[in-house]
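Report on the following structure.
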Amino acid sequence: MEATAAPKAEEISHPPMDQLQGLEYCIDSNPSWGEAIALGFQHYILALGTAVMIPSFLVPLMGGTDDDKVRVVQTLLFVEGINTLLQTLFGTRLPTVIGGSYAYMVPIISIIHDSKLARIEDDDLRFHSTMRAVQGALIVASSIQIILGYSQIWAICSRFFSPLGMVPVVALVGFGLFDRGFPVVGRCVEIGIPMFILFIAFSQYLKNFHARQLPVLERFALLISLTVVWAYAHLLTASGAYKHHPELTQINCRTDRANLISSAPWIKIPYPLQWGAPTFDAGHAFGMMAAVLVSLIESTGAYKAASRLASATPPPPHVLSRGIGWQGIGILLDGMFGTLTGSTVSVENVGLLGSTRVGSRRVIQISAGFMIFFSILGKFGALFASIPFTIFAAVYCVLFGLVASVGLSFLQFTNMNSMRNLFIVGVSLFLGLSVPEYFREYTSKALHGPAHTRAIWFNDFLNTIFFSSPTVALIVAVFLDNTLDYKASAKDRGMPWWAKFRTFKGDSRNEEFYTLPFNLNRFFPPS
């Protein structure tokens with residue numbers, strides 16, 4: 001028996017790569033106009049999930065009607081479109097959709113239950129009063145991101161982030177949303193599971209099927225599988241399959257339960273202060289500031305993931321900070337228009353960049369156009385918005401996982417044979433999942449968070465921070481990474497690789513990816 005030759009080093013190891021390979025279009029290369037418009041529409045459809053889910057949950061709690069719900073959904077989509085355009089033009093310039101965020105749920109629900117507002121008898125008056133209180137809190141809290149972003153304080157903070165410290169944060173931007181995935185699919189398995197299987201079949205197994213040199217099934221897997229499953233769900237509804245089922249099943253499975261189309265106006269343009277003048281309360285604003293901090297951290301992780309899926313270099317600190325500043329302006333716009341939630345990067349749309357393998361900025365700008373267009377044309381927008389949420393959740397199972405694995409891919413720049421690194425990554429990943437789970441379980445049983453003192457603003461602040469997986473992970477990982485023998489372990493942490501992306505001039509590619517349009521860099525020279 002002859003001895004087999006030892007494998008060569010390059011056969012075992014994979015050299016780390018600055019830019020993700022295997023993408024068809026990177027951040028500044030564009031597909032043909034027809035393809036770009038279809039892809040933009042696909043991003044618009046995906047963003048609808050969260051844009052409909054948040055108002056559908058909050059508006060009834062505030063005493064709002066179906067008409068109010070439709071107006072909030074349209075306003076949210078309209079402002080999402082504006083914020084996405086601002087972010088892709090002047091912010092980080094990464095192909096990210098800026099959508100509604102679940103991080104704001106805790107402080108907003110706290111405002112809804114505020115005794116001054118809950119006492120109001122008239123439902124319509126209670127809805128408007130609560131909406132104005134939420135608007136006031138958002139307007140004040142947005143100042144946090146505006147200040148941290150434009151003053152470059154966040155750029156200074158981000159110098160403490162190593163590739164190792166970012167792994168748990170970016171990974172949990174995806175994994176932390178696990179309760180938006182299969183638990184929601186399970187509410188209506190008969191449409192959730194087929195959607196999940198079809199989406200994976202089209203986007204992965206049939207990706208080599210070409211029509212006119214275009215991998216149609218891979219590129220438009222979401223649109224095709226969604227059309228098929230939506231039609232099938234409609235068939236089930238029309239044939240009376242759910243007639244004698246419990247109310248909850250009917251809400252999750254039927255395609256005619258959203259009451260959006262009948263309530264939607266044909267044409268309506270959202271405008272600032274449409275619900276009346278915002279009201280300001282220090283306690284509400286303070287609780288909302290925690291949500292703004294959480295969205296700041298979640299967005300930072302999502303921008304890092306998006307830069308990788310757009311085949312760009314990691315955004316330099318001042319670009320990241322500039323993006324956060326614009327996001328703060330986005331939250332200010334949310335408060336002015338009354339969207340009932342603040343803004344953050346839409347994680348599912350970042351995942352879609354990976355599954356379509358198109359990271360083009362133009363596609364996202366087109367999707368922003370669709371958001372603005374369909375939020376004004378009420379009936380058409382409401383038609384798409386009545387897709388059962390279970391269908392979206394099935395796609396989230398894939399896309400959130402994809403974003404999380406991009407976070408894990410930063411491990412290639414670190415030494416994973418170091419006990420220190422294993423300790424930091426393991427502990428911060430585990431706590432990032434475990435702490436918010438404790439807060440969620442406690443809240444669902446006790447109907448209030450573990451922080452339950454007389455000072456409601458303090459409770460909101462703590463409960464919001466610890467409800468967020470990426471935020472807990474960032475606190476733990478960055479603390480451990482910068483205190484545990486960090487001087488001796490710069491190479492293990494991946495700092496030499498990260499160093500050239502620390503400044504704008506450190507890498508020649510930064511210029512092509514992140515320079516402002518219209519020659520604006522003359523006025524805002526990069527640091």
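Glycine too: its Cβ is placed from the backbone N, Cα and C atoms.
Marked as transmembrane segment by TrEMBL: 41-61, 94-113, 133-153, 160-178, 184-202, 214-233, 363-385, 391-410, 422-439, 461-480.
It is 41-61 that, among the stretches 41-61, 133-153, 391-410, 422-439, 461-480, forms the most Cβ pairs under 8 Å with the transmembrane segment (94-113). Listed stretches 133-153, 160-178, 184-202, 363-385, 461-480 were compared with the transmembrane segment (391-410); the greatest number of C-beta pairs under 8 angstroms is found for 160-178. Remote same-chain partners of the transmembrane segment (160-178), defined as residues 6 or more beyond its termini with a Cβ less than 8 Å from a stretch Cβ, comprise 297-298, 300-302, 304-305, 347, 351, 396, 400-408, 410-411, 413-414, 421, 424-425, 428-429, 432-433, 436, 468-470, 472-474, 476-478, 481-482, 492-495, 497-498. Panel annotation: around the transmembrane segment (41-61), residues 68-69, 72-73, 76-77, 80, 97, 99-102, 105, 108-109, 112, 127, 220, 222-223, 226, 258, 260, 340-341, 346, 348-349, 352, 356, 363-364, 366-367, 370-371, 374, 384-385, 387, 389, 392-393, 395-396, 399 of the same chain, lying at least six beyond its termini, place a Cβ under 8 Å from a Cβ of the stretch. Long-range contacts of the transmembrane segment (133-153) within the same chain, counting only residues at least 6 positions beyond its ends with a Cβ under 8 Å from a Cβ of the stretch, are 104, 107-108, 111, 114, 117, 275, 278-281, 284-285, 287-289, 291-293, 295-296, 317-318, 321-332, 334-336, 338, 340, 342, 527.
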